[in-house]
Every structure is written in C-alpha cells, then in structure tokens.
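**Q** My structure is below; once you've seen it, I'll send some questions.
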Amino acid sequence: MRPLFIRRARQLVTLAGSSAAPLVREKMNDLQIIENGSVWIERGVIIAVGPDDELAHRFADRIGEADVIDARGKTVTPGLIDPHTHLVYAGSREHEWTMRLRGATYMEIMNAGGGIHATTKATREASEEMLYEESKRRLDLFLLHGVTTVEAKSGYGLSFEGEIKQLEVAKRLHDTHPVDVVSTFLGAHAVPPEWKDDRDGYIRLIMEVMIPEVSRRGLAEFNDVFCERGVFTPDEARRILEAGKAHGLTPKIHADEIEPYGGAELAAEVGAISADHLLRASDEGLRRMAERGVIGVLLPGTAFFLMTQAADARRLIDNGVPVALATDCNPGSSPTVSLPLVMSLACLHMRMTPAEALAAATINAAHAIGRSHVIGSLEPGKKADLAIFNAANYMQIMYYYGVNHTEMVIKGGKIVVNEGKVCI
C-alpha cells in the first residue's frame with residue numbers, strides 16, 4: 001500500500017488528546033483544529049498530523065512515492081462513529097408511521113400487528129443471506145455519510161436462533177465491509193409474544209442460554225437491556241447485565257426514555273460503558289453517571305421522528321456527563337443512516353454547539369464503544385479513518401442540514417468513498 005498524503009485542508013479537525021478520557025463540559029468545544037492542515041498515512045495508520053508546510057518539509061523526499069489528496073477548501077475530520085444502531089433487521093414500517101401521523105397510539109399500532117413484534121416476525125422469517133444483503137445496503141449508506149464505524153445491536157430475533165442469526169450477520173458485515181461493525185447483544189429488547197405469560201422464563205433463557213453462547217462464539221462485546229416500565233424492570237435489567245459481565249460482556253443500557261425509571265442510576269451501578277436515550281433521566285442518575293464516566297448516548301433523530309421532546313443535552317453536559325450522538329437506526333422510531341443529520345438535530349433540538357456535536361460523533365462516540373485508543377481522533381498511531389467534507393469549516397457540515405457534504409471517506413488508509421460514490 002502506497003503512503004497517503006492528505007494536504008492543505010482548510011480545516012483539519014483532529015480532536016487530539018482525548019483518547020484516555022472523553023470530552024466533557026466546555027472541553028467538548030475544543031476540537032484541536034489545524035488550519036491548512038495535512039496528514040501522512042502509511043499502512044493504514046496515521047504517521048503525522050500538522051500544518052502542511054511542516055509535513056511537506058518532513059516528508060519532502062517521500063512525497064513522490066505517496067498518493068496525494070488535495071483537500072484545499074475542505075474540512076477533514078476523523079471518520080464519524082455511530083455508537084447506537086439496530087443495523088441488522090428485515091422489513092420496514094412506513095405503514096405504521098402513517099398510522100401514527102393520523103393519531104394512532106403505540107398500543108393501537110401494536111394491536112394492528114405493528115411495532116417491534118412486526119420487525120421481529122420479519123427478521124425471524126428472513127434468511128441469513130437476505131438479512132446480510134439488506135443490512136449491507138444500509139451500511140453502504142452509512143459509509144456515504146462519512147461513518148467508518150458503527151455499533152450494531154441484535155434484539156429483533158428475541159429467540160436463541162433469531163438473536164444468533166442477527167449477530168452472525170453483523171459479524172459477517174464486519175468481516176466483509178469497510179465499515180467496522182461492533183456488536184451488542186440485545187436479547188432483552190422486549191419480551192416476545194410467546195413468552196408473555198412467562199417473562200421470567202425468557203429472562204432465564206437470556207441469562208442461562210443466550211449470553212453464554214454469544215460469549216462462547218465471540219459474537220458480541222456488549223450486553224444491552226431496554227430498561228423501561230412495561231419492558232424490563234431495573235431489577236431484571238441488573239440480573240441480565242450482571243450475567244453478561246460474568247461472561248465478559250460489557251454492559252450498555254437503554255435508559256429512562258419514557259419516564260424516570262432508574263436506568264441512569266443502574267448504568268452507574270453496574271459500570272455500564274454507556275446509557276442511551278436518557279430523555280427522562282433524574283438529576284441523581286446523571287450525577288452518578290458523571291462520577292462513573294458513563295457515556296450518555298443521545299438520539300435526537302428518534303425524538304424527531306416520533307415528534308416528541310428531545311433529551312436535554314445541556315443538562316447532561318452541565319452535569320459533567322460525557323455525551324455521544326447516534327442515529328438509533330431502526331425501522332420503527334429512527335429509520336435514518338445520516339449521522340450528519342443527527343448532528344444537525346442535536347444543534348437545533350438539543351442546543352448543542354456544532355463543536356459539541358462533532359465531538360459527540362467522533363471521539364466521545366469512540367469512548368462509548370471502547371475504541372477511543374484506535375479511532376475517533378486524528379493522531380499519530382491511530383487507525384487512518386477520515387472523512388473529507390466539501391465544507392469550508394466543520395460548522396457547515398451541520399449548518400446546511402439535510403445535505404450530505406461527504407466527498408471522500410478513507411478507511412484504514414484506503415479510499416472507500418470518492419466524489420460521493422462507494423468505491424470498494
């Protein structure tokens with residue numbers, strides 16, 4: 001592989017110096033920007049970052065052997081990272097979206113055959129090959145929007161066979177697609193209909209059968225639970241998360257989306273790497289999260305699509321909670337693959353600054369999936385994952401909302417998107 005020399009970026013947004021701990025409070029606005037910046041890459045790794053004149057002098061005798069990318073007038077950032085998706089599923093639910101727009105309640109949609117169980121049915125019935133192809137198309141779209149790493153949850157199988165199938169597809173995507181896929185087991189996404197009269201039996205199935213097998217096969221790094229009234233209680237979630245820890249799976253938690261339910265407190269108690277949603281988290285829960293360094297992953301696209309109030313990002317940031325952003329890509333409440341759009345929504349609906357939003361979609365997102373030592377910032381020794389945007393500065397990526405400014409994506413030192421087209 002020839003060296004790669006990215007030169008003369010109008011803004012090179014490095015986010016350097018935050019690999020050991022996520023950015024919090026006012027530090028989220030310090031993006032470590034280099035004007036007229038350049039990056040030298042070899043064998044998929046960043047070798048040097050700095051002003052163009054410095055790197056041009058340092059590598060003067062080697063420029064002839066490198067592939068040179070002229071980034072004049074453009075903004076270069078770390079590859080974007082999506083730390084909360086439900087990437088692998090079958091089918092879509094636009095019909096229930098129409099029902100919701102006409103005033104139908106969630107229970108009315110469920111009773112009409114919609115909701116999560118509709119996706120569970122479609123995902124169970126889909127072949128592994130069909131799931132792979134459908135999910136690969138979504139992953140291509142993530143890549144086209146500057147995303148180089150995604151977290152992917154199971155949770156639409158809700159059976160031993162179904163959950164394993166989803167995770168096997170996620171692993172295959174990771175092995176075959178430029179985008180890195182980091183897998184999370186979410187067997188505790190809901191209680192499936194066939195277990196509605198024996199929910200504790202389903203919980204035991206998760207703890208005693210699913211988790212050990214997922215761990216044995218190396219199909220996931222994280223174990224997630226949807227902790228919400230009517231889904232899984234804090235006590236049930238604690239049992240499931242502790243069972244995962246016993247098998248080497250790091251806890252994550254869907255927390256306090258609908259009402260204050262102790263999810264944020266539980267995340268701190270069990271040492272979760274992240275707590276996600278947090279629309280209704282208590283002040284005490286946020287205080288404990290900040291003390292334990294639990295990342296708060298916010299999902300403004302979900303609130304936007306459901307036409308509800310978004311999480312109070314300013315409250316989290318002011319409490320010292322490290323904040324990350326994610327699409328929550330899923331067919332029911334956030335059918336989007338555009339992390340830049342989510343960043344715009346974070347500014348418009350949650351009053352985050354553009355700098356905070358970019359930090360939340362890069363280095364803090366890397367912390368939320370345990371990858372801050374290798375991705376999330378542009379520093380020597382890190383993996384060469386970068387996005388080049390046709391934007392004069394990083395703010396324009398979000399300011400011109402709904403526009404995909406991604407011109408080029410580099411993954412592991414290889415150009416995988418060029419002029420808005422995937423070139424795998």
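Glycine residues also receive a Cβ, built from the backbone N, Cα and C atoms like all the rest.
Keep in mind the model is a prediction, meaning the values are calculated, not measured.
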**Q** Looking at Swiss-Prot, HIS84, HIS86, HIS254 are annotated for Fe(3+). Which of ASP175, ASP328, ASP385 sits in that same site?
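**A** Among ASP175, ASP328, ASP385, only ASP328 appears alongside HIS84, HIS86, HIS254 as Fe(3+)-binding in Swiss-Prot.
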**Q** Can you tell which of TYR156, TYR202 Swiss-Prot lists as binding N-formimidoyl-L-glutamate with ASN330, GLY332?
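**A** The record-listed residue among the candidates is TYR156.
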**Q** Hey, Swiss-Prot has 4-imidazolone-5-propanoate bound by ARG93, TYR156, HIS189, SER333. Any idea which of GLU257, GLU259, GLU407 it lists too?
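**A** Swiss-Prot names GLU257 for this 4-imidazolone-5-propanoate site.
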**Q** Specify the nearest of the binding-site residues HIS84, HIS86, HIS254 to SER333 (4-imidazolone-5-propanoate binding site), where nearness means the distance between Cα atoms.
**A** HIS86
**Q** Near GLU257 (4-imidazolone-5-propanoate binding site), which residues of its own chain have a C-beta under 8 A away, given they sit six or more steps off in sequence?
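**A** Same-chain residues close to GLU257 (4-imidazolone-5-propanoate binding site) (Cβ under 8 Å, separated by 6 or more) are GLU228, HIS277, LEU278, LEU279, ARG280.
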**Q** Using all protein chains shown, find which of the binding-site residues HIS84, HIS86 scores highest when you count other CB atoms within 10 A of its CB.
**A** HIS84
**Q** For the C-alpha pair, I'd like the distance in angstrom between ARG93 (4-imidazolone-5-propanoate binding site) and GLY332 (N-formimidoyl-L-glutamate binding site), rounded off.
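**A** A Cα-Cα distance of 6 Å.
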**Q** Please report how many Å separate the Cα atom of GLY332 (N-formimidoyl-L-glutamate binding site) from that of HIS86 (Zn(2+) binding site), as a whole number.
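**A** Their Cα atoms are separated by 10 Å.
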